[in-house]
Amino acid sequence: MNINDILKKLINKSDLEIDEAEELAKAIIRGEVPEILVSAILVALRMKGESKNEIVGFARAMRELAIKIDVPNAIDTAGTGGDGLGTVNVSTASAILLSLINPVAKHGNRAVSGKSGSADVLEALGYNIIVPPERAKELVHKTNFVFLFAQYYHPAMKNVANVRKTLGIRTIFNILGPLTNPANAKYQLMGVFSKDHLDLLSKSAYELDFNKVILVHGEPGIDEVSPIGKTFMKIVSKRGIEEVKFDVTDFGISSIPIDKLIVNSAEDSAIKIVRAFLGKDEHVAEFIKINTAVALFALDKVSDFKEGYEYAKYLIENSVNKLNEIISLNGDLTKLKTIMVKSSG
């Protein structure tokens, strides 16, 4: 593969084929391409607009080069991030609820644009985020939950970390996280930072052997189910791609004030989650339940979103014990108790 020819093709706004993109991504991730050319390629892709084939090719490369574990029938609740609003880590909270009834392989990272990434909030709760593969399988067996820290499970990505940081712009790598779960989770609730990317990412997901994925973008511009209004969805399954629009009031609840969901730090997010689990923060609890409801539908545990919401109400009642179990087997209960004390006021 001639990297300069690939660059010229991208500059001329021609899309790469899947095999070309996969080969290119492997070369970049392995550190075989000079940084100046990596920068040029990532910018050219962004300016052209990443195609479905390019996303699929890059995702396949990242999956192949990742440290892998086998978690049958797992669900993930990862999102692209990048919405910039800094809301509570609802996908992580939902993952904890889902682990009451299904294996969860939560793939995530530290915050990039927000105040708290999934790794940050789990650490604040006392969780040990570095989990080797054998230990990960053990934790899933015992608790139905494991966190797969992206930096640990995609070690080759360190070869592009400097370029990405220097560029300081969104690149194709920013949208690959939810598509590259090291456990190859077959079910997913995938938050998308932009409504415009729903179509592209749903078509990409369709090519990547998921059983069922629900991609969501919610008003007022978040990569979650909307707490205030409409959620735009793409439901991807073996049968194809279905487009759905759903309003928060369709759950049978009122809209949730967005300002009640904003956090300033990982600890702040952890406290809000625990308060919701304890029944002390109704707004955050509702936000968790509506996102969990859609994830339950992705798992085919319920027949519609409203039924999912009713199921989520039951799950959140059992969330504190589940959180204690998760931290006790892989973390620091002292840190969790500190958060519990701060949450009890």
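Using N, Cα and C of the backbone, Cβ positions are placed for all residues, glycine too.
It should be emphasised that the depicted structure is a prediction, and the values quoted were computed from it without experimental measurement.
Database features (Swiss-Prot):
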| type | residues | note |
| --- | --- | --- |
| BINDING | GLY79, 82-83, THR87, 89-92, 106-114, SER118 | 5-phospho-alpha-D-ribose 1-diphosphate binding site |
| BINDING | GLY79, ASN109 | anthranilate 1 binding site |
| BINDING | SER91, GLU224 | Mg(2+) 1 binding site |
| BINDING | ARG164 | anthranilate 2 binding site |
| BINDING | ASP223, GLU224 | Mg(2+) 2 binding site |
Three-state secondary structure, which DSSP defines for GLY79 (5-phospho-alpha-D-ribose 1-diphosphate binding site)
strand
List the Cα distance (Å, whole number) between GLY79 (5-phospho-alpha-D-ribose 1-diphosphate binding site) and ASP223 (Mg(2+) 2 binding site).
6
Counting across all protein chains present, how many other Cβ atoms fall within 10 Å of the Cβ of ASP223 (Mg(2+) 2 binding site)?
25
Please give me the CB contact count at 10 A for HIS107 (5-phospho-alpha-D-ribose 1-diphosphate binding site), counting all chains in the structure.
27
By the DSSP assignment reduced to helix, strand and coil, which category contains THR87 (5-phospho-alpha-D-ribose 1-diphosphate binding site)?
strand
Expressed to the nearest Å, what is the distance separating ASN109 (anthranilate 1 binding site) and THR87 (5-phospho-alpha-D-ribose 1-diphosphate binding site) at their Cα atoms?
16
With the cut-off set at 10 Å between Cβ atoms, which of these binding-site residues ends up with the most neighbours? Options: THR87, SER91, ASN109.
SER91
SER91 (5-phospho-alpha-D-ribose 1-diphosphate binding site) and ASP223 (Mg(2+) 2 binding site), distance between Cα atoms, whole Å:
10
Once the chains shown are all counted, how many other Cβ atoms turn up within 10 Å of the Cβ of GLU224 (Mg(2+) 1 binding site)?
27
